[in-house]
Amino acid sequence: MDPLGPAKPQWSWRCCLTTLLFQLLMAVCFFSYLRVSQDDPTVYPNGSRFPDSTGTPAHSIPLILLWTWPFNKPIALPRCSEMVPGTADCNITADRKVYPQADAVIVHHREVMYNPSAQLPRSPRRQGQRWIWFSMESPSHCWQLKAMDGYFNLTMSYRSDSDIFTPYGWLEPWSGQPAHPPLNLSAKTELVAWAVSNWGPNSARVRYYQSLQAHLKVDVYGRSHKPLPQGTMMETLSRYKFYLAFENSLHPDYITEKLWRNALEAWAVPVVLGPSRSNYERFLPPDAFIHVDDFQSPKDLARYLQELDKDHARYLSYFRWRETLRPRSFSWALAFCKACWKLQEESRYQTRGIAAWFT
């Protein structure tokens, strides 16, 4: 029996060593897998770079990260329920430290389009986190759209078919009697104005202007033209009967502040060059603007504007819509609140192909 005595401790020592080595091997495999999964973006069966999810917010009040400030210009962020009473709130921040916990990330295209692989948020991405692609620029000024495919769940732009529609302006009914007094025609001492920052000599709008000004005097403000200090813009433009709301590129729904602010807030009749008349009429009454397509040539348009200048009744007919409607303008803060409300209205979690859609 003595030879059997030491055998038992020897077996136990070997068993413990084997178990320890096995556990160590499993730990090494696990951490190796974890590191690879963090360094390499995964493409899931749904064809995207993130897993299927219901998109349910991780917080009772959704946390939204602004990946960049639009055009790198910070703005004040009032509570959404203060902007529009009775609406829901979100915690909206530009602090990237909250990225791992954020329920949604808003990415403004302009700041990431130069080098998307380096400028977009990095992995790992929290499951259920929704990314919102945001742009107020036209496709002509949005580069590398293809690089955005497969990342985003929602779109936000001036396009009416966006998931989150953020137009440059809109009309809404007066809640009571119109607050504005009737138009003071005697204050309209000038005829036609145009404020332009990016001249673009070969652009459609500059070519049209050059033909128009051969038949009609147009006062041009902006870079390389008459100075127009920002604080005096509305005061200056309000002296004009007409304003050339010429867009820098022609795309569906691309109707910008050139109409909503420069023309309508100055109580000037907008003369528009942009998408089709029918597209404008989705957002404005047909007698609220003059479209260049209504005339065979710039010369014919010039003649019409000169006729309206002499016919007060016909000119004033372009303001009848103001008896029941008033113009409102876009703000960045309101756009972010629209994203907040959309996230709480539905939990849809899909991938959007940006390049094929935004044309």
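Residue 1 is the first one shown; counting continues down the chain.
Including glycine, each Cβ sits where the backbone N, Cα and C put it.
Cross-referencing 73-112, 113-152, 313-352 with Swiss-Prot places the feature region 'determines site-specific fucosylation' at 73-112. Residues belonging to the topological domain 'Lumenal' (35-359) score a mean pLDDT of 90 in the model. Here Asn153 (N-linked glycosylation site) is positioned 19 angstrom away from Asn91 (N-linked glycosylation site), judged by their C-alpha atoms. Counting every protein chain shown, the number of other Cβ atoms lying within 10 Å of the Cβ of Asn153 (N-linked glycosylation site) is 23. By neighbour count, meaning other C-beta atoms within 10 Å, the densest spot among the glycosylation sites Asn91, Asn184 is Asn91.
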